[in-house]
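Undergrad: Annotations for this protein, taken from TrEMBL, read as follows:
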DOMAIN    22-368  domain 'Orn/DAP/Arg decarboxylase 2 C-terminal'
DOMAIN    37-270  domain 'Orn/DAP/Arg decarboxylase 2 N-terminal'
MOD_RES   46  N6-(pyridoxal phosphate)lysine
BINDING   222, 263, 264, 265, 266, 370  pyridoxal 5'-phosphate binding site
BINDING   266, 302, 306, 335, 370  substrate binding site
Ligand code: LLP
């Protein structure tokens, strides 16, 4: 999906230069509204941690997840605190599988509840901060994802406390007088809907096995979005109803009300964003026609990392219709894998696109999640700018990094 008009993108490209991230606030608000049935929506900010988007989330009553000290600082900068909201949900929760020393100090200083993915974390936190609020992230023994790299369950995943260690985790909670908030499960990203019943059943089973009172359960994130034309959109009401049934069963088993959290990243922001690039060269290489744009995998890593598909459209500089041509879209990096049209395993694919000419703009769709947040400085390319469109208004929410800023880190 591309929420923007061609004219707007042309004018933003002209004002701010390319490559450029452009996000649409209305799309984010709509995606939040889709999930309003859940008691708590906790945004997994790893998908996009720009503080301006976090502020937008906060205005909509969304709380946040943080997975590093940096993400805790981002949440604080956006006005979040760890204090509970009206539903009793903490504004920030820290989720990880280990606690480094500096992060341990940060969660203690800001009293951020910790969603623990290992028993060692519970001992380290308990020794430093007895009585701290904790969640237990459980690996139920299976997982799913849009790629092996985004499957976070089962015995090949480093994530979560293995389900048979639930007893050891509860013992650590008790030993240190930690305050158990709830159980959490996130079995992967881009999860096929058909697995949902299995996940809900695993959560009910875990709660019964734990046999302790809980304020809340978390369904994790993982909701997919339609990256390809014609792909069905997830039925969020059905998604909620399955989780709500699990919550009711858990509450009736425990004999007290239980809050239901959801922790989406991609679902809230992916469709709001595009990566705007300029075509700078084209060439025929054997049977392949390469269209070379000024963004690379240092900006949007998903195709190179997962063989992920992103829709594309071309804004012809002359406004004229173009014939369709099978094209491979590639970036400027000095690496063969710097191709936006590829399949898993790095197979270069060509795609039917309007024939591109130098000076055209290429719009890469559904890039609002795991786009900017996964960018790097590879090939010493500065991070690119981000713009937020809100109705008739638009504003720069991150300026372009400079090469001088990169070099400054090395002035030691
Ligand atoms: N909760 C936890 C504990 C997670 O690890 C993640 C994602 C989420 C929530 C949010 O998942 P989502 O709703 O966005 O699927 N870079 C990959 C995705 C990696 C996700 C890592 N954890 C991609 O671009 O597809």
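Each residue, glycine too, has its Cβ placed from N, Cα and C.
Give me the lay of the land around each of these features.
TA: Cβ neighbours of residue 46 (N6-(pyridoxal phosphate)lysine) (same chain, under 8 Å, six or more residues apart in sequence): 65, 67, 71, 265, 370, 373.
Within the same chain, residues at least 6 positions away in sequence whose Cβ sits under 8 Å from that of residue 266 (pyridoxal 5'-phosphate binding site) are 47, 189, 190, 221, 223, 224, 225, 369, 370.
When secondary structure is read from DSSP and collapsed to three states, residue 335 (substrate binding site) falls in the coil class. Sequence-distant neighbours of residue 335 (substrate binding site): residues of the same chain at least 6 apart with a C-beta under 8 Å from its C-beta are 297.
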Undergrad: Under a threshold of 6 Å between Cβ and any atom of ligand 1, which of the binding-site residues 222, 266, 302, 335 are retained?
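TA: Cβ under 6 Å from ligand 1: 222, 266, 302.
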Undergrad: Using C-alpha atoms only, work out the spacing between residue 306 (substrate binding site) and residue 264 (pyridoxal 5'-phosphate binding site) and round it to an integer in Å.
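TA: Given the Cα positions, residue 306 (substrate binding site) is 19 Å from residue 264 (pyridoxal 5'-phosphate binding site).
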Undergrad: Just how many other Cβ atoms lie inside 10 Å of the Cβ on residue 370 (pyridoxal 5'-phosphate binding site)?
TA: 23
Undergrad: Which residues in the same chain, at least 6 apart in sequence, have a Cβ under 8 Å from the Cβ of residue 264 (pyridoxal 5'-phosphate binding site)?
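TA: Result: 35, 41, 43, 44, 221, 222, 223.
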Undergrad: Distance check, please: Cα of residue 302 (substrate binding site) against Cα of residue 263 (pyridoxal 5'-phosphate binding site), rounded to an integer number of angstrom.
TA: 21
